Structure formats: structure tokens, C-alpha cells
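Trainee: To start, I am sharing the structure in question, which I have written as C-alpha cells.
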Amino acid sequence: MALESVLTGLSVEISDFGQQLAGISFSGQMHSLVVLDDNNKPVYPVILWNDVRTSKQCQEITDRLGQRLLEITKNIALEGFTLPKILWLQENEPEVWSRVKKIMLPKDYLSLWLTGNIYTEFSDAAGTLLLDIEKKQWSEEITDAFNIDMEILPELIESTDRTGFVKAEIAERYKLTNEVKVFAGGADNAAAALGVGLINEEVGLISMGTSGVVSAYEPKIADYKGKLHFFNHTVPGAYYSMGVTLAAGNSLNWYKETFGKGLSFNELLSEVYTVSPGSEGLLFTPYIVGERTPHFDSKIRGSFIGISAHHEQKHFSRAVLEGITFSLRDSKDIMEKTKNKKFKRLISVGGGAQNPDIMQMQADIFNSEMIRLTVEQGQGLGACMIAAFGCGLFDSLEAVTKSFVHYKEASFIPNPKNVARYEQIYQIWKQVYKNTSEISHQLVEFNDEG
């Protein structure tokens, strides 16, 4: 188990510093299904969040629960969530399902291994489609609808609550001589939100990795009508909303491998900033694997629109960057419109945050001041902050954040001229989906993916 390697490394590091480990916490992938027997042993390989075999089950959930699903869980049924995986297992592996006595999420299984205790916390439970997010309890209405025994669900606690202590035999094995406290932690995106300082409504988070994520702190329940994900935060009593661009960095990687093979990213993008905003009339939609927010369309595919004879590689490169950022803006605009409040600043993390020119493009397209972290640790830092608070080193998560999270002094301010131009282009870009979706759906049967 990878956790054993981590503990081995920790014991060496701590010994070198002459210190003792005080607490452990976790962040982990959401939605993935771990099923255990009555001896707390796995009875089936974990079904991961990115396993999409559950389209049939998602439709069944939607048909059976209708609007109640959104009212209770604040989310719509998607293949990645946990409940569809449970239904798939019931239908396709009945013998396995008959042996299931407890279901867990990945990080909580690690906590079980360390402590012998079974818990989950609200930020991870929110991604199962089984949690009443507002009441903070498992939904009996949903479990009854799908014949799921409530006894197989783990006990719910806060992210900052203690799940127990490291078992004596594990502590001895890894030379942990004091009682090491273990805290529940948070789902990956929730822990990352804490780890970048997303603890008030003034700032939003833009994350550009393989996928792109836009997140906002929510002090109370908000009704996004299923256009965004909505989950419990690691901050007790709070929530966060989240929009997803499925192929952010993935679109850039695809473009490089397809049209810039042999070039480094620096070489590929070296002339991008000699091109004016809008790529001289060239648009790109990053729907190469379908899209999540705001369309929830698995059959839509990407496109270049407006190709002219004068366009060169630098125009296509800039159009890809702009298209990714326009897609992220879709989520940001939904948040601001629903809240009736603009973000004062946006925190940018991931690959895009390392490039000053991309940062300026984000500032201009989002029309918002962009800031960066001095150190990006995200999910891991969020888990560490939870442990620090749980161990009593700070009296609030706000105090932990002030101590742990720092931003670079230099920020990126929107250029009014570019903002005005991008506003016009973005309104045109938004029309591409509605004008290409039907064509894209018709083409699916001719695609090897279809």
C-alpha cells in the first residue's frame, strides 16, 4: 500500500528533525466506490470516479427521482458519482453485492487501515448522490428508492473531526511513539479549496490541469439548478460550487501532439502573443471529450470556427488558449449571476498560472484581478491544515489559512481595451455550442468513439 511508503518516509523525516508526528489527515479522489465485507476487507476492485460504464444507471436514477434528486443532493446524476456505481454493482455483480456490508470512499479506507474505525465526512459524502447536502444526513428517500440498506453507509462527521488514533501495531512499526491523531480530511476539490484559501466569497479559484475547474466558497445553500456541482466544504457549515471544463490542459496537449509534434510548449506558444485578442477571428471550443459545465453533453465535440487562409499556427495556438479560458468563464459567469456578486479576485493555479501571458489573458477574459500562490500544494496542504487545526495548533481554519496560504505580491490587472474586445468575442463564442451541437451529435456514429 502506498500509505505504508508514506509512513516510512515520514518516520525518517521526523526522526531527522527530532520531532514527533502529531496528526494525520487526508484528501482523496471523490466518488470512487470501495466495497467491504463483514471483516472490512474489499470484495471487489475499486470502481474509480472516471469509470463511465454507468450511463444506464444514471438514467434510471433520473427517471426514478426526477427533480427530487436535485432538491436533495444539489447535483444531477452523472457517471462519475458513487450511487450509479452502486446500482451497477447490484445489477451486474449480484453475488459480490450480497457480500457487501459497508461502502467507503478511498481516503476513508486509508483512515480505516490506520485506525480501525469507519467514517466519512460531508465533503466526500456529498459526491455520492446519497447525501442530503442541506440536512447533512444520508437521504432515506434515496436509499429506499434503490433498496440500499442504510447500515452499509459510514457514519458522517465533519472534515475536522477525529476518526481515531493510529493503531498501536502501526505506530510501533513506523516508530510513531506518541498517540497520533487521525482526522477525517476532505474530498480532493474541497481540500484543494481550503489549501488555496477559498474560505470567503471575495475570491474564486481557477484551476487549469488536465481538466479545468472553477470553484467558489458558498456560505449557504445556493440554487444553481444543476448547472454547477454543489458540495459541502471542509469548512464546517459551508459549501462550495464547482464548474468543470473536461478538457482544459488536455485540449492543449491534444493540440500539441496533433499539430506541434516535436515542439516544446514554449516553442508552440512562442508567437501566440504577437496575435491580437480573438486570434484574428478564429475560435476554438475545447469539447474534445464532451463537456461538463454548462452543457453536460457527452456527445459534443470540439471545433475550430472561422478558419481563414491567413491563419498560421500562432493563431490556432492562441485560439486554443482562448477557447479553454472562455469555457472556464462559462462557470465563473454562472456563479456571479446566481450570487449577484462579482469576485474581487481570482486565484489561478495549475499549468496556466506558471505563464505570465496566460495569466494576463485570464485577467482580460474574466475581467478580474488574477493572483497566484507562492507555493502550490493544494489538496495536500488542505489536508495538512485540517490536521493542524484538529491538533489544536490554531483556534480556527481562518487562522490556519492566514499562516499557511500566501500569495505572490504581483497580480495581473485586466486591460480595459482587451476586456472590451473579449466581451464581444465571448458572446460570439457562446453561440458555437448551440449551432454545432446537433451536427456533432450526428457525427458521433461515424467516430471510432461512437
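Cβ coordinates come from backbone N, Cα and C, glycine included.
Any TrEMBL annotation is an automated prediction that lacks curation.
Among the features that TrEMBL reports, domain 'Carbohydrate kinase FGGY N-terminal' is placed at 18-195. Taken from TrEMBL, the feature substrate binding site covers M30, H31. Sequence annotations record features per position, and here TrEMBL assigns active site, proton acceptor to D188. If you look up TrEMBL, you'll see 205-389 marked as domain 'Carbohydrate kinase FGGY C-terminal'.
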Trainee: Can you grab the distance from H31 (substrate binding site) over to D188 (active site, proton acceptor)? Cα atoms, rounded to a whole Å.
Mentor: 10
Trainee: Just to be sure I understand the packing, how many Cβ atoms besides its own are within 10 Å of the Cβ of M30 (substrate binding site)?
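Mentor: Cβ-Cβ neighbours of M30 (substrate binding site) within 10 Å number 25.
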Trainee: Give the sequence-ordered list of residues that share a chain with D188 (active site, proton acceptor), lie 6 or more positions from it, and have CB atoms under 8 Å from its CB.
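Mentor: Long-range Cβ contacts: S27, G28, Q29, M30, Q379.
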Trainee: Indicate whether the residue listed as 'active site, proton acceptor' is helix, strand or coil by DSSP.
Mentor: helix
Trainee: So if I draw a 10 Å sphere around the Cβ of H31 (substrate binding site), how many other Cβ atoms end up inside it?
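Mentor: Other Cβ atoms found within 10 Å: 25.
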